[in-house]
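Student: Have a look at this one before I ask anything.
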Amino acid sequence: MVQENNNTQSKWTDSQRQVIDENYHHILVSAGAGAGKTAVLVQRIISKLIDPHDDLTVNGLLVVTFTEKAANEMRDRIARELKKALSQDPENDHLKKQLYLLNKANISTLHSFCLEILRHYFYYLDIDPAFSVASEYDVELLRQSVIDNYLEEEYGLGEQSFYLLVDSYGGDKNDEKLKKMILTLHRFSRSHPRPRKWLQSVKDHFEVSTDDDLTNTVYYLEIQKDIETLFKQCINYFKRALQTSEQPGGPYQYAETLLEEIEQVQNFTQQLVEVENHSFDWNSFAERVAGFKFSKLPSVSKNDDVDEDLKKDCKKLRDHGKKTFQKLVQNYFTRSKDELLRDLQQLSPLMNKLIDMVINMDDKYEEVKKQRGIMDFSDLEHYVYELLDQYPEIVSELHQRYDEVMVDEYQDINQVQNAILEKLTGQQSISPDLFMVGDVKQSIYRFRLAEPELFLNKYDTFDQRSEEGSLIELQENFRSSPMVLESVNYLFSRIMTGSLSGIEYNEKVKLIPASKPRELYLNEDDNEDDKYEGQAENENQVIDGRTEVHLLENKDTNSREEDTEREAQLIATTINSLVEEEYRIYDRDLDDYRKLDYSDFVILSRKTKEQAELVTNVFQEHGVPLYAELDTGYFAAQEVQVMLSLLKIIDNPRQDIPLAGVLRSPLVGLDSNELVEIRRSNPGTDYYEACKRVLTNSIEQQNQCSEKTIQKMQKFFSQLERWRRISRERSLAELIWDIYQITDYLDYVAGFPGGRERQANLWSFYDRALQFDSFSHSGLVKFLNFIEKLVEQDFDLGKARTVSENENVVRLMSIHKSKGLEFPVVFVMGLGNNFNFNDQKGDLLLHKDLGLGPKLVDLTNRIKYPTIAHQAIKGSLGRETLAEEMRILYVAMTRAEEKLFLVGSGKDIESKISVPEEPAAAQNYLDWIYPQLGEDSELFHKIWNDIPGQQDGKSVEYNWKSYFESLLSQTFTWEVDQEEFEDQKRTLEQAISYSYPYNIATEIVGKMSVTDLAKSDTYIDSKIVSQNQSLSSVQDHYKKLAATQIPMFLETTEDAGDNKYESYKEHHTPSKRPEFLKSNSGLTGAEAGTSIHLAFQHLPINSDLNSQEFSEEQISNQLDDLVNKEIITQAQRDVISEDLIMKFFQSELGQAILERPKGLKRELPFTLGVPAWEMLAGSEECQAELEAENIETTELQGLSDETVVIQGVIDYLFWDGTNYYLIDFKTDKLNTSNMDEIEKRLQGKYRMQIQMYLRAITEIFNITPTKAYLYHVPTGNWIQVE
């Protein structure tokens, strides 16, 4: 995975040069995917800064990016180019000044810019200058608290309009639906520059009379657009049916009927235009449309020589058209104009009350925020807009400060952000120029209220240096191969139309390959569908560059989970084959072909949250390393679920499901049989009561369950009572910390797969509790209610991240997260999953222009039905959803560099290919892809895959579960030979009584970490214990230690045990002290060392940071980013010195790494088998012990069949283009500053460890490092290990 490849060529294309040189007041650059827009934007800045005729300085620029990461990368690129220019003109004082000013330049997100403006001009508004910006989690906490308190007040007032609103929209059991409605409308209103003005204007939409003309309502134009769209769909279906009837062998008898139906629907469409002539009568039009009846098709006899398949296709197309027409009638033409307007009248008081409540709630929300001295992100933009709107002197100052405002990713801004930019760059002669770059085809943040229409409005009005502004197109694509681009262009030229997406995908915007031609040797047999199933014909086989569409037929089930599993099976099998058979792929950086790695693959999905666990399980079965990059899944994590269940029963233990879950969890450890014992012993009661009775009866010597079960229960319920008491007396965070301490749950989860992530999730859970405690009205009950609301609202915190982007794993990520990235091979899965139209299903729909679209609730008959407002907004949202999904598919397909796989499951696939849906009627991505898969399609390689569960190229359902259950149900018996049994018994007895001749070797564990070897000089010699001393006695003494750690603490003296165990606890128990239990905030030495290792492991070293640009400030920003990503904690961040890291990268080898970041491999894990006798013979102290025990060294060689398994992780392995270098970081605190002494100590301590590293690299990776170094971080000393 790499960042978007921005063209760094010295020779720019004509269009790129135009972008760099264009001087105009307003410029819009429409940059297609992979067009190198970032490089062009940087070059435009550099050209202006180094131009002696341009007075622009870097602090005269305002550069707005979408993310802080993009801002940092932009700043780094500008710094590199400035230094490059300065190296050519070292005496240029102007360039020196620009480089100095760069760190203070306004290159940031719009939020950061707004924050700076408010810090500077706070005194104009009633703002606390010491305000802080609250996290999204804190904001949600506060909003929930405010709405709860506000609704209590409303209930107390008892207004009729309020109770009518609650009865209509509050829900059956409580008022949660109304709460959600108010909060949703409040958040939605904040996307407008003047939220309250917009809310008040919405009230006017319902001020109508039955005497009014329907066409004068705000909703009519949207209704007209929706009706026209559906009419056109009908006509297209009928026309396609007509074309089918006219084919040779087609049902020509249907042609006349189809022509009549086409003509009638076209007449209906034309009549809609009459509204412009003021002669449109809704009621009469509705009657005509609703009264239209379709004729019966003429019969076709067997003697008419009609192809049966064409006849079926023709009927299917006509049926599609008829269903679309019937849907249209049902939606719009079953009620009169007066009834439609009367609905709006009825809704007026309810909507007025709802809007008033949103405004009142906002008042209270603002008041609480001011009391706390906090703002949310929305406040930053609204306050700045208020400043610019009300205080022209501020605008004038900013006009004088900035010469040009540059906006990256302009397609993703919202209305408030655009309003701010317009204030900053007005049409006055003194206002700064506005430069905007983006790609509306990649606008995929509608859920964040982004407005692609803002881009489209300028795109439609700007021209080559028109009065409104200048438009420049960047079509050249420097990322993808011509084959990938051909498939993208082919598909979107057929589905992306102005009416459906707002932009026409034509010659003006299609992607043009910019990569240079390269030699490619295709396989001899190019048409084998199973080319990845068998052995490659030669080891230099190059991956086929055609886009492949893999279709999985699903006949018997609607299970999305099963579809996902089968698609994952296909993808995992394909990836394994491509990697194991050593297919090659072109690498731009090498300008040559190389073998595929797992890290070359990404799987993109629209619904990653739902699919991650299923895909991960399948990949584990196939042995393919996979990392699912999610911002979700936190609340579903098993360890978090256990903690939530425990908190629920601490609040109220009479909850059967949470209680059973905790009892079954590792916190208690009952198995399913024990749970059944408890229930059987006390049926008819709640589970808590059943447990209490079991415990009571055990005291009275009437045991109903086993003694083992009772002991577990007694221990847990004693703890439970204690925790219930703590919950009433102490804070939530203290309660959770006590649970962690008593149960050792943090340590327990570390032993499972993904242990680091599980621990991080539990730490995050504790941190959330700390945050919650900081709010008023906190407590266990409110915390649980709050979490429940977050889950209901699909608000997820995201699992902690513990995998870096440098690891050789396949990535699974959402399409949204992949934006701006590129990958050699891309799989887009789940293409048969239906689009999410949930925003069109609620009782109240919201739209930026149309306002509110409520359903009308008939309280008397307890029914609800859609209004004209609801239907208008539903139609508009439906079109916007399809446009967004089309752009999302475009983003997914344009991530691929060399190879694109499209994978989807569906029913009746062949039928849908022959009779596809209209693009505007698509329900999923496959509906857009099916029409492109006809027999004449050469750009898409269509494949039905032979994977488990499929036969003869077509899908069949295979019930794996039933198969395994049938095996388990079988009874297997063996006849036992008594004589043979006695022989085996004697053999076993001999084995048990056997005395191992090399007992000294048992003191070396069978599996150990390489870091243990650092202690080998004080380790192996102390393992030569007396033959009379049993290992079991030592194990008993250290029974809490893992077997692999026992040798580290064995000593030759009898009284060393206790001290050694305490030493182990100090150095190996993670520091888990929360702030309220700490005497200070420091970490132990071991923890500090781990923190520094994590920093070197995860710092993003990429091609944008060379030796000149790597600064302490950048390191500081990157460390802060690791905290934000929860890779390191703030406490760990505090002990990491930027200076220490800088010292490493300023060294000769550190500089080489920055110059060639792709040559660096970090955190390489390995497992190595080493003969046990080598481990013993390698120590001088061991030799002395052998002599003392009269044991010959040759005796050790008898252990050659015994193997010690060594596990380790190599910190850095670096290839500079010629040689490999092994680097291992050490943070030992030594009580000397003498460099020779430091070198001697570290070499002696770690020599064996480094030798194992070198051996592993040579044997496993087939690489021989030229040199191996220890790097002592505290002193910056490089120590070569021979």
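Quick reminder: no glycine exception, Cβ is built from N, Cα and C everywhere.
Since this is a predicted model, take the numbers as computed values, not measurements.
As listed in Swiss-Prot for this protein:
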type    : residues                               : note
BINDING : A31, G32, A33, G34, A35, G36, K37, T38 : ATP binding site
DOMAIN  : 10-481                                 : domain 'UvrD-like helicase ATP-binding'
DOMAIN  : 516-820                                : domain 'UvrD-like helicase C-terminal'
Student: Please work out the number of neighbouring Cβ atoms within 10 Å of the Cβ of G32 (ATP binding site), leaving out its own Cβ.
Tutor: 23
Student: Count the Cβ atoms, other than its own, that fall within 10 Å of the Cβ of G36 (ATP binding site), considering every protein chain shown.
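Tutor: If we count other Cβ atoms within 10 Å of G36 (ATP binding site), we arrive at 26.
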Student: Sort G32 (ATP binding site) into helix, strand or coil using the DSSP assignment.
Tutor: coil
Student: Name, in the order they occur in the sequence, the residues of the same chain whose CB lies under 8 A from the CB of A33 (ATP binding site) and which sit 6 or more residues away.
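Tutor: Sequence-distant Cβ neighbours: D439, K441, Q442, N477, R479, S480, L511, Y890, V891, T894.
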Student: The domain 'UvrD-like helicase C-terminal' (516-820): mean pLDDT?
Tutor: 80
Student: Would you mind listing, in sequence order, the residues at least six apart from A31 (ATP binding site) in the same chain with a Cβ closer than 8 Å to its Cβ?
Tutor: K37, V40, V437, G438, D439, L474
Student: Here are the binding-site residues: A35, K37. Which has the lowest count of other Cβ atoms within 10 Å?
Tutor: K37
Student: Across all protein chains in the structure, which of the binding-site residues G34, T38 has the highest Cβ count within 10 Å?
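Tutor: Most Cβ neighbours within 10 Å: G34.
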